[in-house]
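Chemist: Sharing a structure below in structure tokens format, with a few things to ask.
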Amino acid sequence: MTSNHLPHHNLTDEDQQEYNKIFKEFIFNIPHNMNPFSPQLDEKKNSHIVEYHWRSPSNTIPSTCNTLYVCFNSPIPVNVIPNNVIILCFLCENKTGFTKGPDFNHPIHPGTIPMSVRYIYFINATYNKPLIAHALPPSAEYLFLSDCYNQAFRAGDLPPNLNILETGDEYNQPFDPLVIPKSLRSLFLGKGYNQPLEFGGLTSLTCLVYDEGSISELPIISLPPNLEFLLLSDAFNHPIEAGMLPPKLKTLTFGDGFNQPLAVGTLPPSLENINFGKVFDQPFLPNVLPHHLKSISFHQFSYFSQTFENIPSHVQTVEFGYTYNKPITSLPSHLKYIKFSEKYNHPIDGVLPQSLTHCYLGKSFKRPLVPGIFPPGLKVLILNGYPKKIPPGTVPANCNFQKNPKQGACSVM
């Protein structure tokens, strides 16, 4: 999954790294335990990896192999893959990146994949064979299906302990709650998924993500009651009604096409992070944003041009889009991190709260900076293209300050 909502992470000082860590948690990044790419990275980081590129079923796989790449298009015999393999990937990987071998496209029978396998990747482009009941072992926690895969799931097809399921771009089948394992926590849908948003029966799901560029235009019918993380389709542009969003939702990301007014009571009190897509341009009326909201971000190329007001005091992180240039007269009292737009050029005297620790001002900002304008606890200050001399004492003593940083290293986000 990729998104223009992702912030940039370029600075390397200790405070900046800590900021990036917090910002990723607040803004867009999928929570670590819901991320489809974090489990295997941890596996590689925390254990000794022995990779093997299996180029023919007649070749013997080393018994020490724990990461196996299937690089052929022939049936896989039963009981051949050793019971030490943890990561099974139907794609050939070399040290310089991924290179495709022959696309595997054969049925997988029970007993083919050993009980040790936890992560299964059909990254090859053509795989589209129906899954066979109980062929994927109960040890499997993560399943990534190829872009061509478009087979409906039947009872027993998916492992009973599956935590994360990611479908490819051509998958467009409804999800039957009776055949989806109760262990499933995270579901990632490809660009082509265009079934009704009727997921209320998937009660174990806590993370639901539509891929960037998704074509799904359908309204929400029901969402999982325990959902905490929701990223809607870029084509979604329907009103959000009261009670539509789950009561435990913490992070909500609207796609690029969403531009509906938000009414009081439509966003659940549990919401901590909200991210708006490209075309969103609606005012924030009083009491619309939940009291305990922690972060607000706008798309990099956001159209948002409304007055930035009625923001809850507990908000700690704000990121504006590239062109936002409305005067800001007040900011939340608990704010720690702010990224003004590249076009912002209004006075900030008396605007920045004492809680602020990280501040980015874009290349259009040319207002005078004087002692006392920045709070004394500021840790990171970036002025991208500031043309004027800065009087002594303006930048707090312990602040990591960069003026006119090099291209690509100018964002605190």
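Note: Cβ is positioned from N, Cα and C throughout, glycine not excepted.
A quick note: this is a predicted structure, and the numbers were derived from the prediction, not measured.
From Swiss-Prot, here are the annotated features:
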type: REPEAT; residues: 104-148; note: repeat 'FNIP 1'
type: REPEAT; residues: 149-192; note: repeat 'FNIP 2'
type: REPEAT; residues: 222-257; note: repeat 'FNIP 3'
type: REPEAT; residues: 258-301; note: repeat 'FNIP 4'
type: REPEAT; residues: 304-343; note: repeat 'FNIP 5'
type: REPEAT; residues: 344-386; note: repeat 'FNIP 6'
Chemist: Please give the sequence-distant neighbours of the repeat 'FNIP 4' (258-301): residues at least 6 beyond its ends with Cβ less than 8 Å from one of its Cβ atoms.
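Modeler: Result: 4-5, 7, 26-28, 232, 234, 236-242, 244-252, 307-312, 314-324.
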Chemist: Let me spell it out: take the repeat 'FNIP 1' (104-148), skip the flanking residues so only those 6+ beyond its ends count, and list any with a Cβ under 8 Å from a Cβ in it.
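Modeler: For the repeat 'FNIP 1' (104-148), the nonlocal Cβ contacts are 36, 39-40, 43, 70, 72-91, 98, 154-171, 190.
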Chemist: Mean pLDDT over the repeat 'FNIP 1' (104-148): what is the value?
Modeler: 94
Chemist: Are there residues at least six beyond either end of the repeat 'FNIP 3' (222-257) with Cβ under 8 Å to its Cβ atoms? List them, or say none.
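Modeler: Residues 3-5, 28, 30-31, 34, 197-210, 212-216, 263, 265-280, 299.
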Chemist: Sort the residues of the repeat 'FNIP 5' (304-343) into helix, strand and coil with DSSP and give the three counts.
Modeler: 0 helix, 6 strand, 34 coil
